[in-house]
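Chemist: Summarising the annotation, TrEMBL assigns active site, proton acceptor to ASP210. What TrEMBL lists as compositional bias 'Basic and acidic residues' is 14-35, 309-329. Positions annotated as compositional bias 'Basic residues' by TrEMBL: 61-73. Per TrEMBL, compositional bias 'Polar residues' is recorded for 330-339. Summarising the annotation, TrEMBL assigns domain 'SAM-dependent MTase TRM10-type' to 88-279. Per TrEMBL, region 'Disordered' is recorded for 1-87, 280-339.
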Amino acid sequence: MSSETLPAFIESSNVERKQSLSEEQEKSQKPRLGEGFEPISKRQMKKLIKQKQWEEQRELRKQKRKEKRKRKQLERQCQLESNSDGNDRKRIRRDVVHSTLRLIIDCSFDSLMVLKDIKKLHKQIQRCYAENRRALHPVQFYLTSHGGQLKKNMDENDKGWVNWKDIHIKPEHYSEFIKKEDLIYLTSDSPNVLKELDESKAYVIGGLVDHNHHKGLTYKQASDHGIDHAQLPLGNFVKMNSRKVLAINHVFEIILEYLETRDWQEAFFTILPQRKGAVPTDKACASSSHDKNSASVEGGLDSDSSDEENSRNELDSQYEEEKQDKENSSESTVNSIPH
């Protein structure tokens, strides 16, 4: 190799060496697959896309909220202008006449119920409170012996109960602040039947959801404490296909309805659920006598077919009774006529 070509060869080899070194540096700087870099899954990609869309639409949502507030303000303003007396709710509340009758739910049976039944009792109390607030003749509502499982459940699931209005919630037993001669315990086992409500009295409803596990307990408690007791006149006005057992809120609502209408039959048929199959007693008696007459005529014509029909009816009635027992097992055994 000549002396002239030697410097050129050295220079070209140096350039090649520099290029190879730069390529190696670039490769080393690029992250290798699995080293410091993890591929994004489809689920993560969807989350990122949704997050991006959420951020992009933030201003749009803000604008929609403003428009909604303005629309509500305009609606309220139009409503106030259209009502000469102002707010409708306030006008209705002025027509309310409060009753002096005291209606007490006795919650002293807390230890006899499981949590599932405590929750049912809580819901029935909520219904009573709501109905009393809406009633035209609201009663003086008392919740006594309030504590234990019931209070804990209300604290956990209904924190707003501490702000309830027009209700007296007391941890004490009702006998501690109401005179014995003013008390009347409403119990299904009482032989006494109410004819009318005395608004100077305090009527007690047993707060017990027990699925008939403690029959006669409220009647026994009233008798042991020397408290007057009675049952609603259900049997005088109503004939039902199912067992005559009413839930706590049904008894409460029937009393509210009676205070408004002063008619037991209307109160019963307004409040009782359709599944009870309630009919007026006079219609039930007429239907029963008609069925008996038809059965006697058929029996005279064909005794064998009559016997077969009777046996079939007995099986049907047994099935109906079992079905009705299942339907009513969730209702409390309070304030109805004796079983």
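Cβ atoms are placed via backbone N, Cα and C, with glycine included.
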Chemist: Mind giving me a neighbour count for ASP210 (active site, proton acceptor)? Other Cβ atoms within 10 Å of its Cβ, every protein chain shown.
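Modeler: Taking all protein chains shown, ASP210 (active site, proton acceptor) has 18 Cβ neighbours within 10 Å.
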Chemist: Per DSSP, what is the helix/strand/coil residue tally across the compositional bias 'Basic residues' (61-73)?
Modeler: 13 helix, 0 strand, 0 coil
